[in-house]
Amino acid sequence: MRLLFLGDIVGRTGREAVLSRLPALREKLALDLVVVNAENASHGFGLSPAIATSLLQGGVDVLTLGNHAWDRRDLIGHITSEPRIVRPLNYPPGTPGQGSVVVELADGRKALVVNVMGRLFMDPLDDPFRCMNELLNKHRLGTTIQAAIVDVHAEATSEKWAMGHMLDGRVSLVVGTHTHTPTADHRILAGGTAFQTDAGMCGDYDSVIGMTKEPAVTRFVRKMPGERLQPAEGEATICGIMVETEDATGLARRVAPLRQGGLLAQTLPDF
């Protein structure tokens, strides 16, 4: 199975870059499944139902979230009826929505997509490691599912690495989100799971993690609230990671980063 995961969409320029480039990427890379983190897609904070619909109609198969999941209150009702929007698995029981979804492809193959949130320097949610173990007791790679993608929305590099090693051999891809900065450590772990500490963002990199520079810098310099942060509106780079798996095992065979447009060095998977 050929999988593409794209990092956090930030604002209008990130959305437009994904929607304009994704159809050609799906064709050129022969993608079977596209997963995108969209927790900053609505003006940098949260995800509106209208924007979620536009992304799902524009070639994205599953949208994942994170700590900004509920910034848009109108998503709360929408998420209960749209299983392709996945919020962190380790929210407390009774939270609206779902933390995972199994997507069935046209040929009958199935892929599990999970969103889980870290706890170091983040909101104190339920234990993400325990939640992942419990979920994977129900979904076996290479048997009930043919692929599995885990979006680890977390601040700490160590927590993402630990999750990757715990899940090694049990899922196809563990990829971090939240920092909006792509890391150069994509690889296949010893047990066959593809890993990247952070996929980066789909947004304007002439910014402070996707937001206009001046207000963000002022907050650090003055140590006091300033004007509201706004998404930067320059040309966006879409950043992510592509994985090709073995259908028999669901484990990664090849992995490569993807960066298109904007300021960052460009790279496209060649498999």
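All positions are counted from 1 along the displayed chain.
Every residue, even glycine, has its Cβ placed from backbone N, Cα and C.
A TrEMBL annotation is a machine prediction, not a hand-curated record.
Here's what TrEMBL has on this protein:
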- Asp8, Glu39, Asn40, His180: Fe cation 1 binding site (BINDING)
- Glu39, Asn67, His153, His178: Fe cation 2 binding site (BINDING)
- His68: active site, proton donor (ACT_SITE)
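Locations of recorded TrEMBL features on the structure.
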| residue | record | Cβ neighbours (10 Å) |
| --- | --- | --- |
| Asp8 | Fe cation 1 binding site | 31 |
| Glu39 | Fe cation 1 binding site | 29 |
| Asn40 | Fe cation 1 binding site | 31 |
| Asn67 | Fe cation 2 binding site | 17 |
| His68 | active site, proton donor | 19 |
| His153 | Fe cation 2 binding site | 27 |
| His178 | Fe cation 2 binding site | 28 |
| His180 | Fe cation 1 binding site | 22 |
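For Glu39 (Fe cation 1 binding site), the spatially nearest entry among the recorded positions Asn67, His68, His153 is His68, judged by CA separation. Ranked by CA distance from His180 (Fe cation 1 binding site), the recorded positions Asn67, His68, His153 have His153 at the top as the closest.
Counting in whole angstrom, His68 (active site, proton donor) lies 7 from Asn40 (Fe cation 1 binding site) by their C-alpha atoms.
Sitting within 8 Å of the Cβ centre of Glu39, Asn67, His153, His178, and not among those site residues for Fe cation 2, are the Cβ atoms of Asp8, Asn37, Leu65, Gly66, His68, Ala69, Pro88, Met117, Met122, Ala154, Thr177. For Asp8 (Fe cation 1 binding site), the nearest neighbour among the listed binding-site residues (Asn67, His153, His178), judged by C-alpha distance, is His178.
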